[in-house]
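Since the structure comes first, as structure tokens, the remarks are kept for the end.
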């Protein structure tokens, strides 16, 4: 019976791609695995290709490498991947800023990045992904193009097709200390070591080309969605025509922890990256400041500030290529597993950054971008197993209850150390007490029927709801409880979470991190220190962290800087 169910589900996914590929409604059902193309897999699948993140060089990851490792992604259950930008990028080590291995320093919209492969390789990857029921989201650059410094020698003729200075806003650097001038952010240039010339998207020549170009790319390669980089640096007026032209779900990167700024772009885009929630997930699971009481606060702020927009189309995440890895903030296994589970069961479209399944713990870019192949693609890693379990459960719930993806969680109980919430038939209990502690939650009110038996997805056990519809449950060793009616799980078997406690990662004074559960060791930067857990730059764009947590007024003051 299980085999028949699986086949029907697979066929259904294939048919959906033909009929509704790229629609907002269908993207709600997707679970995204974000790939940094250069760091995921090499052509031949080898696992010993050297890669030093600190060198800021190309390490050899390709589209063919991704295709050859789709089974790794498919085994975790992901049904969408987000790949790096595909355009040709500036070559060489630019003024000490490194190479454009990440794909964000584009110079030619009409050519592919040859470091990642050929046109045939890209077509083959997308075809193979679709055959496996996996959609492909393209990271798109529409805000800027890269020039080699210095400005006095800037060669606009090196760019294609925008090969004249007149296609760009006049040079000025964004001043992040100016908080009340949108024009400064939208028209000035970013400082990234290279010159990121800011495209004049208000010009019809520029905007029309970009809309037509990405419409053509989507048609030619059969992309299913777009992630749009640096949305906050662009005028709102550009996006409606661009979104209409491309015709697929587009999620904009709004790198801001201010909910007003974040939600303002929902007026012109289907979805945005939910950095506001990302910050609160981080605080909650690291027991920082107000802890889990921030989750209902988040819900209240969203209801007040963003109620006219559809939050279920936002991207939910805890890591990406611009952020410190979450295990940099905490080495506690249950806190990390809890944060992973939260992302994969919460509202919105979940996105997992490559390497989260292996526990990557690097800090500031480039330490957060090691090569995945140096882990041997370990499928026994506990983080891999929790992702696999939660992805399978989320997909199962969606098949049982299609309205689940448009519903939102209702908070039932929260404190600094725990949170309880329910969405339809899914009840969640999270805590941040760590792997050496247990916590019992007494008589939690639920929406279940009296005396109903519920299954704990995470721990593979059952509990019984009381006659008064309340539930008393214990969270052991800091792990969460994810519950669902036992009667509705008949015939469905979830993967088992490996909860074997792994030794804490130890770091030498060099850039090599040694662990007992990665084979072989991989290179990444690791930091220790004292002080507050977060330091926010004047731009509010970069979170720096140290290992010692500070509670109370320090955190309150930081939140004041961020949001008021």
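Using the three backbone atoms N, Cα and C, a Cβ is placed for every residue, glycine included.
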Swiss-Prot substrate site partner of 56, 105, 227, 232, 233, 322, selected from 28, 369, 394: 369
Inter-residue C-alpha distance, residue 229 (Ca(2+) 2 binding site) and residue 143 (Ca(2+) 1 binding site) (nearest angstrom): 7
Least Cβ-crowded entry, counting other Cβ within 10 Å, from the binding-site residues listed as 227, 232, 369: 232
Nearest of the recorded positions (263, 306, 498) to residue 233 (substrate binding site) - Cα to Cα: 263
Number of other Cβ atoms within 10 Å of the Cβ of residue 263 (disulfide bond) across all protein chains: 23
Entries of 51, 181, 253, 263, 306, 438 which, being recorded positions, have CA atoms within 10 angstroms of residue 232 (substrate binding site): 253
Three-state secondary structure, which DSSP defines for residue 198 (Ca(2+) 1 binding site): strand
Fewest other Cβ within 10 angstroms of its own Cβ, chosen from the binding-site residues 198, 229, 253, 322: 322
